[in-house]
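Per TrEMBL, the feature active site, nucleophile maps to A:Asp53. The feature substrate binding site is assigned by TrEMBL to A:Tyr111. Positions annotated as domain 'Pseudouridine synthase I TruA alpha/beta' by TrEMBL: A:6-105, A:144-247.
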There are 2 protein chains.
Amino acid sequence: MQRYKAIITYDGTEFAGYQIQPNKRTVQSVLEAVLAKMHKGHEVKVTASGRTDAGVHAIGQVIHFDSPLAIPEEKWVTALNALLPEDLSILIVEKVSESFHARFDAEGKEYRYRLLLSKRRDPFVRRYAYRYPYTLDLEAMQAASQYLVGRPLDFTSFCSAKTEVADKVRTIETIDFLLDEDFLTIRFVGNGFLYNMVRILTGTLLEVGSGDRHPQEMAEILEKKDRRFAGKTAPAHGLYLWEVFYDK
Amino acid sequence: MQRYKAIITYDGTEFAGYQIQPNKRTVQSVLEAVLAKMHKGHEVKVTASGRTDAGVHAIGQVIHFDSPLAIPEEKWVTALNALLPEDLSILIVEKVSESFHARFDAEGKEYRYRLLLSKRRDPFVRRYAYRYPYTLDLEAMQAASQYLVGRPLDFTSFCSAKTEVADKVRTIETIDFLLDEDFLTIRFVGNGFLYNMVRILTGTLLEVGSGDRHPQEMAEILEKKDRRFAGKTAPAHGLYLWEVFYDK
């Protein structure tokens, strides 16, 4: 058996998220169906760096799987893409040691949240950016983000109340803001993110930016360790899993 | 009654084309349903500059309609967009004289056909550009386009055999090619275009670009006045109705 690491990209619009669910079209189920086809019906389990929710996109999601097939790395890309639907694509496949694990070995991740700051609707970005037609105070958002970065913090207030992991301490290295005409992209780089965390952080930062909250409130929200004190969960369709980092 | 001209944009993906059809979601039916809602259920007929096929996008389609409502122009935009789905949007509404006609007064149109020249699939453009993974000889395509522009020509060979209009003479002013990284956009500006004409022109130019035809064949195809001599119809999802021109 050979273990393979693959970098994949998908448009989340028509997937019910990453993880397998009965009778739903998910990224994992589509990948495993294609791998089973390549392995004469034998099941091949796929493990990702983490789940993504329904509607969330991925530019560089990472998975691993094991296969007895001796196929060169570039041929894997071609063979898988030939069988995969157009909204899910393999970018790179590489051989890795059998100890590699897409989830446990991930050292960090980058997520990006994309906003269209416009009163004008754009049919072509409706699924790829969250349209926010109100004026934003970017400086206030930057000030708020400083409460969230640079050291290990308990993000209980900034994750779904349904989060199952016990340890909710994570370190966000960077939150920055890239403004390109009407598009604002918020970039989050950190050692890990909890369930809905980027979307709740984004929703809360938007409330700061629109003047509904003071930047200093971030400290209080963190302290409360209660989801109800943070802002709204921003919609899934603005969110991109951009990159997963591994120690080389 | 006041006549209004409106510029609209739509993502063609989920529309069965522009024109009303029973039990189908079309641009016209969605527009007329929203206008009926604004007029207490009274029918308001919408006339466009021309139809677009299922899957074809519009950046600047033009329509007209008549209404007894005394609403300022900008308020029309807001009111209609509030009721319209996100994949169809009103850009501008303006009062026009009752003699204005979106179709009969159109002096010309610009269409653009967008290609992704890449072996690599991109889930995010799959509905917004036609992926063409083969090498193209742009100079040959430019040479071929010279047979098609600058004077009135009978485009019988370059329109669907189902085309119903009798006069198939049109003048294409410009066909040009804009290359931006992996994206090739072919721009067509002319006084009018027949059913499927831009898609058949594009399909034929691609056959020239990939070396399957000589540029000079364009003259022969035109002469044959028979659809079977031209190339394949390029897929709908790469095509954009970009602008409609009126005499001011």
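Glycine residues also receive a Cβ, built from the backbone N, Cα and C atoms like all the rest.
Any TrEMBL annotation is an automated prediction that lacks curation.
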C-alpha spacing of A:Asp53 (active site, nucleophile) relative to A:Tyr111 (substrate binding site), in angstrom: 13
Local Cβ density at A:Tyr111 (substrate binding site) - other Cβ atoms counted within 10 Å: 24
Cβ-Cβ neighbours of A:Asp53 (active site, nucleophile) (radius 10 Å): 18
Structural state census, the domain 'Pseudouridine synthase I TruA alpha/beta' (A:6-105) (DSSP three-state): 26 helix, 27 strand, 47 coil
